[in-house]
Amino acid sequence: MAQWNQLQQLDTRYLEQLHQLYSDSFPMELRQFLAPWIESQDWAYAASKESHATLVFHNLLGEIDQQYSRFLQESNVLYQHNLRRIKQFLQSRYLEKPMEIARIVARCLWEESRLLQTAATAAQQGGQANHPTAAVVTEKQQMLEQHLQDVRKRVQDLEQKMKVVENLQDDFDFNYKTLKSQGDMQDLNGNNQSVTRQKMQQLEQMLTALDQMRRSIVSELAGLLSAMEYVQKTLTDEELADWKRRQQIACIGGPPNICLDRLENWITSLAESQLQTRQQIKKLEELQQKVSYKGDPIVQHRPMLEERIVELFRNLMKSAFVVERQPCMPMHPDRPLVIKTGVQFTTKVRLLVKFPELNYQLKIKVCIDKDSGDVAALRGSRKFNILGTNTKVMNMEESNNGSLSAEFKHLTLREQRCGNGGRANCDASLIVTEELHLITFETEVYHQGLKIDLETHSLPVVVISNICQMPNAWASILWYNMLTNNPKNVNFFTKPPIGTWDQVAEVLSWQFSSTTKRGLSIEQLTTLAEKLLGPGVNYSGCQITWAKFCKENMAGKGFSFWVWLDNIIDLVKKYILALWNEGYIMGFISKERERAILSTKPPGTFLLRFSESSKEGGVTFTWVEKDISGKTQIQSVEPYTKQQLNNMSFAEIIMGYKIMDATNILVSPLVYLYPDIPKEEAFGKYCRPESQEHPEADPGSAAPYLKTKFICVTPTTCSNTIDLPMSPRTLDSLMQFGNNGEGAEPSAGGQFESLTFDMDLTSECATSPM
């Protein structure tokens, strides 16, 4: 089967990763239209040899023409349009650089192959991988359903056989007592014993049949318990474990976890069958008490059967007690498992055995670090108390689906203060954002004469005392849940394991896709890989340490990779979300790549990218222009940070940005958003209409005010147009200029002044204070 066909059969979790591989550089439509031909070419060789790359590129254009002819015959107007547009784009972008398209296609094919290998590994492991394919999950669930149906049928069949045995035993008991009574009378009267012997033989035959029936039932019960054990192992060790792993992935931004209802139905069905079987085993005890004999199989095997069924039911109930929603502060729903002292957090537990008789019977108690208190003290970790409503009764009324659950909405943590300021050991090896703590939930179940202690734990949480610790705390949560499925390893960061770039890349993309509508493309991830690992061709399998990811400063920078990236994520969510969702922000792109794609474009073409030097997160635009001699120049403006974007939206900055030459003529250098989208088309809808910016003047006022608006201007000189400043701190002076009418001071490190002008909209000219 062709690679592309195999990819389309994967689960949606994998398809999400597949979508991230493709962008405008290599459209997915082209991959779809020419799948067999693309897979038959040696793109890796073409990426290293220009003559072969040129040949393959021209062959690609020929294949596009042939496919266009097919669509023409089919009268498929939409596909004709898309294919023509794709060809024009490829010619304009790669005609002079065929090796570039070869590298892109080679990397996409390699990533596709890696994706298939991951899916195949999940299939071989029987669904215990993070994201099994849809086919594996469906087949496994169907088999599980069949096994559960088989268990239920066998339980019902045994129920019928138990009735048959009971009737046979009653007949035997009646005949035996009757014969015994008659035998006593005959002994008194001295009558012939022949009739008695005949009836004794009949009783012996009945006893033999009864013994065979008992042995058959005991054997079937043993087989039934083995079948239950197999189904239970599948449910708890595979299905439930897989759900818990998916919950971990969902906590760090991965695909949303599936609901527990189906798993609850399966576990409830098995629990009901186990209780019914336990009653059948108890029935055997009653039968034994009425009739027993030498070699009775009930006497020999019933205690063992009773012990097995009770153990199975206990273990099932313990496994069925889960944390449905991990601890999370309501103000930070996208960052669960990070809790700030003194701030309320919520969590929810659920029992996946839906017995109505347990409604309002189970009282849940919450505590923290129950089993790790001594360990925590040894390693110098802080200790906490849980405040608020830390006990609650499970009920079925609070859940929409009637599940047996308890939601805690008003919990807070308070640190236990010690003499040295809270930490039990001043020589603690871990910083506070690497300390892991467990929140424990406990209850007791009394059901049908059984007492079962239930206990479950949250995933490890990080407790912070200041919100500025959130980025590093979240990095700890990412690293832990990315690399382990052990739910209780609180000593994880004493020796944090190493991750691979493939793992890190997936998690980084989730940080965007979970809070926006767009993850990271393969090109964006490659740029991030260069930031972390340095220049390279193939980053797959490259190892990344915890220190490299979060603690060590990047080369030539005074901050770590994660601090830089986390601030960019925050910038996207709070200030430029709509533009990011539209795909207008290229974001992560190297300066070499930026120059390469802009140098072939007409003057005025610009792109939007994130700053590589701003610790707090910044976004800038880079455009192409021609100098006096006609030479192509690539210019960038100093990045805009959150402080500046608080005063003016990025779309309005782009729409109003101007360059002022020595003669005070204002020119807009931004015309087309890369590759060729008119600026007004892309950003106009995100700017406020002038009627909203300038309400009508009061008719009763003596003289109406002139309408004004702020624009961002970079002053320059004719002799130095090729040296446009990298730092127009335009919005830093916005409020000052608006208040006193004076221009901004020259930027501290810039060669030129950066001004925000107040434009007179009536005369359409700049009112310069200079």
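Cβ coordinates come from backbone N, Cα and C, glycine included.
Per Swiss-Prot, the annotated phosphotyrosine among residues Tyr94, Tyr360, Tyr705 corresponds to Tyr705. Segment annotation: Swiss-Prot labels motif 'Essential for nuclear import' over residues 150-162 (candidates 150-162, 176-188, 280-292, 488-500). Annotated pair Lys87 (N6-acetyllysine) and Lys601 (N6-acetyllysine), C-alpha to C-alpha distance, rounded: 17 Å. Note on the modified residues Lys87, Lys615, Lys685: the fewest other CB atoms within 10 A surround the CB of Lys685. Mean per-residue pLDDT, taken over the domain 'SH2' (580-670), amounts to 88. Ranked by CA distance from Lys49 (N6-acetyllysine), the modified residues Lys615, Lys685, Thr714 have Lys615 at the top as the closest. Neighbour density at the Cβ, taken as the number of other Cβ atoms within 10 Å, is lowest among the modified residues Lys49, Lys601, Lys631 for Lys631. According to DSSP, the secondary structure content of the domain 'SH2' (580-670) in residues is 22 helix, 30 strand, 39 coil. The modified residues recorded for this entry are Lys601, Lys615, Lys631, Tyr640, Lys685, and the Cα of Tyr640 lies nearest to that of Thr714 (phosphothreonine). Taking CA atoms as the reference points, Lys631 (N6-acetyllysine) and Lys685 (allysine) are 34 Å apart. In this structure the C-alpha atoms belonging to Tyr640 (phosphotyrosine) and Lys615 (N6-acetyllysine) are separated by 12 Å.
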